[in-house]
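The domain 'ABC3 transporter permease C-terminal' feature in TrEMBL is assigned to B:249-369, B:619-720. Annotated transmembrane segment per TrEMBL: B:21-44, B:248-267, B:294-320, B:340-365, B:413-431, B:615-639, B:659-686, B:706-724, in sequence order.
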Amino acid sequence: MFIAVKNLKKSYTTGKSKTEILKGVSLGLEKGQTGVILGPSGSGKSTLMNIIGGVDLADSGSIRVDGLELAALNDDQLTDYRRDSVGFIFQFYNLVPNLTVMENIEVVANISKAPLDMDTVLKAVGLETKKRNFPRELSGGEQQRVAIARAIVKNPKLLLCDEPTGALDYETSRSVLSLLQRINRDLGTTILMITHNTAIGDMANVVYKVRSGEIVETIRHEETTAAERIEW
Amino acid sequence: MTLLKKVTRTMLEHKSRYIGSMLLLMISSMMFVMLNMTSANLIYTFKTFSERNVLSDAEFSTDTAIDAAALSRQFAAKLEIGGTVDSEVKPGQTLRVFPMMNTVNIPAVQEGSVPGRSEIMLDRLFAETNGYQIGDTIHVANKNYTVSGYTLLPHFIYVIPSKDTMMNDPKTFGVGVVGKADFDSMQDRNKVYAIRFDERGNIKSQEAALKNALRSQGIRITNWQSTEKKVNVSYVPMKASIQSTMSAVVPLAMLALTCVLLGMLMWRMIRSESVIIGTLYAQGYRKRELRRHYLMFPLMVSVIGSVVGSILGLLLVAPVFNFMLTAFPMPVYETIFNPWLMIVAILLPVIILCSVTWGVIGKVLKTPPAILMKGGETKRKTNFIERNLRLDRVKFNTKFQIREQVRSLSRSLLLLFGVVVATMLILYGFAMKSSVDYMLNKGVKEMYNLKYEYVFKSEKTGAAPAGGEPFGAAYVSLINNDEISFYMTGVLPDTGKIILKDGSGQVLKPDSNIITAPLAKKLSVSTGDSVTVFDVENGKEHTFIIEKVADTYAGEFLFMPLDRFNKEFGLPVDAYIGIWSDMPMNFSQGELQNTKSIDAIIAGFGSLINQMAPMIYGLIFAAFIVGLIIIYIVTGMMVDESRASISLMKVFGYKKKEINTLILGSNTFIVAAGFLLGIPALLGSIGALYQSLTESLQLVMPVKLNFFYMVLGFVIVMITFEFAKRMCRKKVARIPMSEALKAGAE
């Protein structure tokens, strides 16, 4: 199992009140698969993804990614894990505003052990003509493509996408999803995606439905649907 | 009221920015009040001392006695005969004794009483340094005197034996006052007339009329010393004037820094709050209400900073003024307090800072609320440099750092300006020291290859005493400007006692007319030019062609071969006025006009350099604080504005060190550039300062900055920068990764 999460618990304490975000979540994903975590706001899906991505720590439970037990890693080791193995894509792109498109990709290539060729990556996301533009000069869809390019340039083992189409219109969303699917197919990158759009679940090998910090349903697809054919 | 809470909360949230701004203002107001008030008191004290103790306009000596009473009447002036006697109290310790004057240059009694028979008043610093208390006995000019009190002399405020000494050293030199009867019984006394004209306007022309009247009576003026050129007096107004200039320039530079800083802070805060402003605006807040709200920020900063600074400045006036009175001892008859200085020190920052903010908020409020609510108009703008930078071939780290700098030009310019100011403060003391070092090492030590100089009262002829080398000297003034006087010196053409070198370091043989660089600079002459002067003693005119310029700052001289000198001044071919020697020589006291020990001059430079040390350290400390505040605030601002990027970098797996290098290290270039720009800015301002010294003190100093001190200055600036970065590292470390994960917009 590439990702193996067992009995993961996480809570936050605010003043005297304690809120349980994850109440013993377990899930798994094979290498090269696409997983989707579906759930409403506040269900704990972002926390789950953050823990898998090594940016947050669980209170208890086990998270193994490619054989690495994240709970046992210290701060520096977690940094190395994120640096070498994980690519992030955010709902609001999170591009560095004062860097050009090319430089936003370079910001990750710069710290990668074996980055992909940046021009090739740019071409793959269809932005080769915009490499000198600043993020503010791009549309939302283009900005998300830059974010995808930035995430894949390090050729990560795992691509974590937090509502990658949440801020995009229907057509743009489909083209972004299609791009993610192509990456998964061509580079063999394992993708774990958070969304509240149930239709997106059709393009995943496994769908985990989360509600109030628990996985309430797991759906496995033998055949995945092409992104271009997904409708909502 | 609710909005007021927002002001205090915002300020507490970013306390380092606002405290930094307040500190800068505090320093600025403190220096403004302290320096202005001190210099005003110094000038006032000098003025009252001059008036009440009847400071002479000039002192002069003649070859024969003059009728003082008749001249007083003729020129409506107070004229009194006095003089000096230099007595070696202990080996290496000279006391210059003056008679108790009654009408001009009246000594003030600081403590004790006016000297009676066999009594003496001493200058307090000399007495205290050497352990003479009131009632003690001191042996002066072969007689024991009882110390009757401590004195202050209006014509000898800065207690140095001559212009060459530069710094007062109470261990080796002091002044005393005895009764006239005791003075008249002293051997080898100089007779000096002191005059003060009743009509206080146009002193120069009255002096010229007096000189002409004396000459017309066949009286030869052997020495004329205008008080405004006498270092023992002119140092005081000069120092006050430098301080006045500093009190205007330094606080204004700091105020300008604070204005730019706070203006930028306000601009950034208002821009980042454009959504809030738009929302409040849309919900019915009036423009003036919002304006009033945002004006509270500069108002609080400027009022707190300037009030606290002004009070501190006021508290420091007394100790600083007293400290200055130890160097320039004067009686303080009364002090002055100028309330306008306080009012200006408080109101100026308030008015300027509030005006800057008024303009900034006004500009933002012109934007329609709908646009403000979306984050304002400026958000989508990319500046010209940012857009046109082509950095494709540059390494990513360098590229990122350059982008960080050009992203906000105002921020980078502020940092640059701050580092320039800090650099100037740091190097100011070092440049002064370099100049003095240069004057000493490339001047006195290099030019004088001798130990002692003995000057006789009148020319001698024949062979010089064994072990001595003869020289001639004439004190001359420029024919077209008798304010400028200097010594013409006749030296043996093969002398080894005076070593002159040209600009390239080649030794110049003194077989021609050689002018020293400071004199050439003062007269604005170079090789081939002619100089026409008149002999101060007899008024005869002489014209000389400058043949060479010696690059030495040991003094203002025009050297020529002794035989040519004697011929030009109508003296016998083997005449000389003084002797240079490497060993002490014995002459009867009556023979000598004065004696100069080169070692004592070198020691004087040494003491000057030593006394400069506290000033240098003080300036370095002040520069460190100012630099630290500016760099910390700007770097902190950069961290705040790059929070999203920093958070994102953490998510991507950037290590702390890498983030620090990219974000905090990006200012390195600006800091280095600020340092480099600070050097010419400093040398230019020091040049202007020295120019004013040349005019007021007749002292020409070379503008020098030793390379070692430049490197040291750079190291200090970089240490300050490192310190500021270290302080900001915590700020970077505190930015959570969740900030990137929760980011709601680009």
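Cβ atoms are placed via backbone N, Cα and C, with glycine included.
TrEMBL entries are annotated by machine, without manual review.
Per DSSP, the secondary structure of the domain 'ABC3 transporter permease C-terminal' (B:249-369) breaks down as 102 helix, 0 strand, 19 coil. Under DSSP, the residues of the domain 'ABC3 transporter permease C-terminal' (B:619-720) split into helix, strand and coil as follows: 89 helix, 0 strand, 13 coil.
At the 8 Å Cβ threshold, with sequence separation of at least 6, the transmembrane segment (B:413-431) lacks contact with the transmembrane segment (B:294-320), having fewer than 3 such pairs. For the transmembrane segment (B:615-639), same-chain residues at least 6 beyond its ends with a Cβ under 8 Å from one of its own Cβ atoms are 16-17, 20-21, 23-24, 27, 254, 257, 261, 264-265, 268, 404, 411, 414-415, 418-419, 421-426, 428-430, 432-433, 646, 663-664, 666-667, 671, 716-717, 720-721, 723-725, 727-728, 731-732, 735. Looking at the domain 'ABC3 transporter permease C-terminal' (B:249-369) alone, the prediction's average pLDDT is 84.
Same-chain residues lying 6+ beyond the ends of the transmembrane segment (B:21-44) with a Cβ under 8 Å from its Cβ atoms: 236-237, 239-241, 243-244, 246-248, 250-252, 254-255, 257-258, 261-262, 265, 301-302, 304-310, 312-314, 316-317, 320-321, 324, 328, 332, 335-338, 341-342, 344-346, 349, 622, 625-626, 629-630, 633.
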